[in-house]
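Student: My structure is below; once you've seen it, I'll send some questions.
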């Protein structure tokens with residue numbers, strides 16, 4: 001039986017998401033040869049990286065050997081990924097690219113690489129949990145304005161602009177060279193610390209540690225520490241190079257207590273805390289670990305840390321606020337102690353409750369018990385003292401009229417029966 005292949009791809013629009021950090025995903029309706037239709041979500045960096053890998057797989061058809069032989073469509077920056085400051089002279093769009101891609105000869109359009117890219121992923125069917133503060137914004141294609149031509153999106157996205165604090169020299173073809181003072185627009189903020197950005201007509205990955213916001217040194221989107229922690233597993237070993245880092249072997253389980261946008265998260269292993277590259281971490285679980293190991297992360301290397309960058313020049317007078325490792329350790333120990341105390345309290349109360357009935361029988365006269373054992377006397381002090389039973393006269397004096405009448409009737413009945 002012939003494997004299913006993609007017969008049509010239609011661009012529906014894009015979605016602006018704020019979780020786990022701000023990024024954009026494009027909504028593509030994929031129609032398969034078995035007549036099924038699936039809605040998938042892909043970021044522009046994913047599509048752009050796929051495009052580059054397709055060119056490498058088919059060098060003749062991409063014009064790498066002879067330009068006249070090129071049949072694979074080009075993928076310049078789509079119009080909606082360029083801000084209002086950029087020239088709007090490009091006519092190619094993402095939908096046109098997908099349309100041209102599917103109409104290529106079968107050895108390309110039905111290749112395993114293309115088919116796998118458009119297959120439904122688990123995150124397509126179960127999108128990540130929404131940020132309770134910032135909700136996702138969805139923008140659909142305006143078909144009426146373009147008379148059914150799905151080639152434009154209803155408006156441009158205004159991307160966040162950051163400033164480069166030091167010269168950055170790329171180490172792979174997926175990165176770009178930048179100089180101090182350059183202004184770049186952020187297309188995607190990957191949690192692993194590598195951000196996909198564009199500077200004029202160049203696009204590629206750059207470490208977030210080389211960038212700073214224009215309005216202040218601190219990141220508004222950065223989350224606060226969560227000392228309860230989220231369990232992750234290391235999928236690659238890393239040996240600490242700086243004093244505030246932590247070394248882990250592959251397969252170790254840790255609690256992530258602070259997710260920083262530069263990709264160096266603070267983790268807790270026992271009583272020890274330290275920075276660890278998030279690119280080598282994944283949520284605990286067999287399925288997730290397998291997915292993470294087979295996922296080809298950008299460069300397979302952690303981004304450099306801000307403290308290792310030489311000649312960094314910021315435009316802000318105040319430096320970025322960072323918690324020290326001593327603060328993380330102290331607050332983490334305090335949280336664990338409080339959590340341990342809360343767990344110990346129910347056990348302590350359950351022991352006391354189990355002994356209370358016996359003590360009540362022994363102490364009918366409300367006389368304190370004497371014991372030569374110090375531990376026994378301490379245990380008895382924890383149990384509440386049972387007050388003496390009030391006399392019948394005191395009960396009749398303080399009870400309600402209805403109760404008093406019932407008692408008198410009961411007394412008269414018991415007297416007549418005698």
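Using N, Cα and C of the backbone, Cβ positions are placed for all residues, glycine too.
The domain 'PX' annotation in TrEMBL covers 4-125. Per TrEMBL, the feature domain 'SH3' maps to 157-216, 227-286. Residues or ranges marked as region 'Disordered' by TrEMBL: 294-418. Per TrEMBL, the feature compositional bias 'Polar residues' maps to 364-376. The annotation compositional bias 'Basic and acidic residues' is assigned in TrEMBL to 395-404.
Where in this structure would I find these features, and how exposed are they?
Tutor: Within the model, the domain 'SH3' (227-286) shows a mean pLDDT value of 91, rounded to a whole number.
Here the compositional bias 'Basic and acidic residues' (395-404) has no Cβ contact under 8 Å with any residue of the same chain six or more residues outside its ends.
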Student: What are the helix, strand and coil residue counts for the compositional bias 'Basic and acidic residues' (395-404) according to DSSP?
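Tutor: Going by DSSP assignments, the compositional bias 'Basic and acidic residues' (395-404) contains 8 helix, 0 strand, 2 coil.
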